[in-house]
């Protein structure tokens, strides 16, 4: 019985994946190749845009502890969600 209980505890810990960090895209619009990073300081991926010139919009991507306070930030909390 103790062995079964210990097995269930181990399986639960493995399935819950304690210490999970989210993976976010960190590439800006004009950077190649696409890069990903483990977001260790937080659990939010973000994407927002800025206008460099009237004809060029730059999209910024990254990860943060909480959603940045900007007017048009899109935040999400699943892996690679900030396309």
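Heads up, the Cβ atoms here are built off N, Cα and C, so glycines get one too.
Pulled from Swiss-Prot, these are the features on record:
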type	residues	note
DISULFID	24-45	disulfide bond
DISULFID	39-63	disulfide bond
DISULFID	67-75	disulfide bond
DISULFID	76-81	disulfide bond
SIGNAL	1-21	signal peptide
Measure from the Cβ of residue 75 (disulfide bond) and count the other Cβ atoms within 10 Å, all protein chains considered. 16
How big is the Cα-to-Cα gap, in Å, between residue 76 (disulfide bond) and residue 67 (disulfide bond)? 9
Here are some disulfide-bonded residues: 45, 67, 81. Which one has the most Cβ atoms within 10 Å of its Cβ? 45
All chains considered, the count of other Cβ atoms within 10 Å of the Cβ of residue 63 (disulfide bond) is 23
List the Cα distance (Å, whole number) between residue 45 (disulfide bond) and residue 75 (disulfide bond). 6
Here the disulfide-bonded residues are 24, 76; the one whose Cβ sees the most other Cβ atoms within 10 Å is 24
Rounded distance in angstrom between the Cα atoms of residue 81 (disulfide bond) and residue 39 (disulfide bond): 13
Can you count the other CB atoms that lie within 10 A of the CB of residue 39 (disulfide bond)? 21
Which disulfide-bonded residues are spatial neighbours of residue 39 (disulfide bond) here, meaning Cα within 10 Å, out of 24, 67, 75? 24
To the nearest Å, how far is the Cα of residue 67 (disulfide bond) from the Cα of residue 24 (disulfide bond)? 13
